Amino acid sequence: MLHQGIILREGHVTRTIYNLIKDKRYEDVIECITNIGEAANTRAGLSTLGHCYYHAQKYEEAATCYEQLCQLAPKEAKYRFYYAQSLYQAGIFAEALRVLKQISDQEEELREHCLQLQSAILYSSEDYAGAQSLLNQRAGGTADTLNDEGCLLYQADQHESAVQRFQAALQVGGFNPLVAYNVALAHFQRKQRAQALDYTSEIVERGVRNHPELGIGAQVDTDGSARSVGNPITMAMSGITQALNLKAALEYQDGNEEGAREALLDLPPRAESELDPVTLHNMALTDVQGPVAGLRKLAFLLQLGAPSCPKETFANILLICCRHELYETAADILAEHTDLTYKYLSQYLYELLDALITAQTSVELAEKKLGTLASSLAGKLRSLAAKVQEVRATNEQHALRDALKDYEQALELYLPVVMARAWISWRDDDFVGAEREFHSSAEFCSENAVWRLNAGHVLFMQGDKYNEAAAFYEPIVRQHSDDIMSVSAAVLANLCVSYIMTFQNEEAEELMRKVEKAEELKGNLGKQYHHLCIVNLVVGTLYCAKSNYEFGLTRIAHALEGGAGGRLYADTWLHVKRCILGLLTGMAKQNIILPYTAVQEVLGFLRSCEAYGLFTPANIFTATEQVPEEPLTIGLEARKLRLLLLKLSEYENC
């Protein structure tokens with residue numbers, strides 16, 4: 001008998017089947033047995049099929065096989081256990097518990113396994129008290145028991161104790177990538193980044209060494225097409241997926257979205273339909289295609305429901321909506337999923353999101369809600385600050401560490417509320433009102449990097465506080481003097497403008513030279529940065545705003561490489577056309593006279609923009625805006641601006 005290249009000779013069928021199982025070719029075994037016919041209904045055939053379905057992660061099919069075996073051999077308790085185990089993996093928890101209860105307590109060999117499986121089912125069902133009760137009945141000191149104790153401690157937010165249990169499990173049972181991942185996750189919750197990365201790195205290194213067939217770090221074939229390795233059981237047991245997702249979470253938490261994407265790209269290559277929920281969730285958060293694509297993925301996960309849908313999905317889909325000002329969508333999601341609101345949103349997060357959504361219809365009510373929340377958190381911070389001082393006087397290091405942790409956690413909650421209150425004023429161009437909010441929160445937040453950055457922006461936007469703004473920007477630049485490219489281009493541009501506006505031109509030029517030198521160095525390493533481009537654009541726009549169009553437009557043209565480089569796109573073109581339109585308006589009113597040579601330079605610049613931007617979209621559309629069927633391009637807009645400049649300059653020749 002020949003089956004897809006597998007020769008099943010008479011008298012050697014069993015040997016061939018077991019060799020395939022040894023090679024972990026479970027799908028081939030399943031096809032062979034089901035094609036034999038009568039063998040699929042025998043006890044041996046069903047047992048083999050159940051084993052192969054389970055290891056091929058087809059748990060419902062495995063459960064069906066073991067259910068039939070329970071009927072064929074009702075006295076074999078192991079079949080009931082395998083049946084329950086398959087149901088558990090398939091997420092059918094209630095039925096799994098029912099089957100386990102049918103196994104007699106007299107089955108000593110299975111007692112520990114049954115208790116372990118029951119506690120796992122209750123844990124997955126979020127019945128942590130029930131899981132703890134069963135855990136107390138199990139043999140103590142084993143690797144499995146220590147790991148499960150750690151899981152329950154982790155769930156109770158006792159992360160330090162959880163780390164100790166997980167590490168004890170590793171000592172007793174040797175290295176286990178899934179237990180090592182648990183240690184990393186507990187360190188992650190304790191904000192111990194270095195320790196978490198150590199464990200994830202070890203998991204990945206062992207995975208690369210032991211499982212080259214998974215193609216870790218090789219998302220794409222040499223021909224450029226995606227190559228899927230599927231979801232073999234070895235990938236699940238290697239901890240690779242969990243470790244790289246945690247690494248991505250660490251990078252994302254640090255604000256390094258590119259690093260998070262790189263970590264996800266190192267995952268074994270799979271088709272999107274094959275991705276596990278956690279990977280799909282993290283890819284949604286870092287989707288380069290924008291918020292709409294990410295929201296689609298999160299909405300799909302939300303429809304899956306528990307236990308497949310990660311519990312963070314609901315909060316993240318709402319936060320992404322608010323970040324991209326899709327407030328109506330956020331309100332609809334909250335209204336449609338009231339059950340998830342109470343289950344997955346803390347009272348704090350619900351109140352914050354509710355205030356942001358309310359701000360779209362009633363600013364006064366939103367400010368009142370945020371004010372109440374801010375007052376409550378400020379009171380808590382003062383109380384915790386006093387506690388820290390009291391504990392410091394006792395020299396109890398453990399108590400001091402706990403008190404500082406509580407204070408930092410409260411500060412993490414307070415900061416977004418401060419930003420939300422300032423944002424309400426900011427969006428109405430009430431920068432003085434936003435500054436008042438920063439003054440009122442300085443007591444707690446003045447040392448926070450995010451707070452200082454945004455305080456600098458608020459002062460900068462007022463137009464007469466450039467010295468004060470520079471005082472906030474300068475420490476950020478000094479802190480990253482060894483890698484100035486890691487500083488936001490907006491900060492560098494605003495600091496340059498602040499120097500220019502306070503007659504510190506030498507400092508501005510020195511900063512621009514540093515940026516140019518660093519950008520050239522990074523460019524030689526194959527990395528592309530647009531920091532200098534953005535700085536020149538902002539500085540050029542500033543001079544244009546001061547009616548010095550000759551110098552301002554020269555700066556802008558230099559920033560965009562004369563309009564002939566890869567830096568010409570909708571974002572940068574916006575600065576160009578605003579300044580050109582300002583120039584045209586001034587010329588039309590006869591307030592501005594541009595020298596002949598300057599006009600020729602601007603015309604040449606627009607001609608380059610016309611040629612190189614012929615097919616580049618000229619406008620940016622938000623997630624809620626409909627993109628026209630034939631959107632305007634930079635080339636078309638540049639041609640119109642060039643025509644207007646020719647008319648106003650009374651030139652007939654290009």
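Just so you know, glycine gets a Cβ as well, placed from its N, Cα and C.
Per Swiss-Prot, these features apply:
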{"type": "REPEAT", "residues": "10-43", "note": "repeat 'TPR 1'"}
{"type": "REPEAT", "residues": "44-76", "note": "repeat 'TPR 2'"}
{"type": "REPEAT", "residues": "143-176", "note": "repeat 'TPR 3'"}
{"type": "REPEAT", "residues": "178-210", "note": "repeat 'TPR 4'"}
{"type": "REPEAT", "residues": "384-417", "note": "repeat 'TPR 5'"}
{"type": "REPEAT", "residues": "449-483", "note": "repeat 'TPR 6'"}
{"type": "REPEAT", "residues": "533-566", "note": "repeat 'TPR 7'"}
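Across the repeat 'TPR 4' (178-210), the model assigns an average pLDDT of 94. Long-range contacts of the repeat 'TPR 5' (384-417) within its own chain (CB-CB distance under 8 A, at least 6 residues past either end) are made by residues 348, 352, 370, 373-374, 377-378, 441, 444-445, 448, 450-451. For the repeat 'TPR 5' (384-417), the number of residues in each DSSP class (helix H, G, I; strand E, B; coil) is 32 helix, 0 strand, 2 coil. Break the repeat 'TPR 4' (178-210) down by DSSP state and the numbers are 30 helix, 0 strand, 3 coil.
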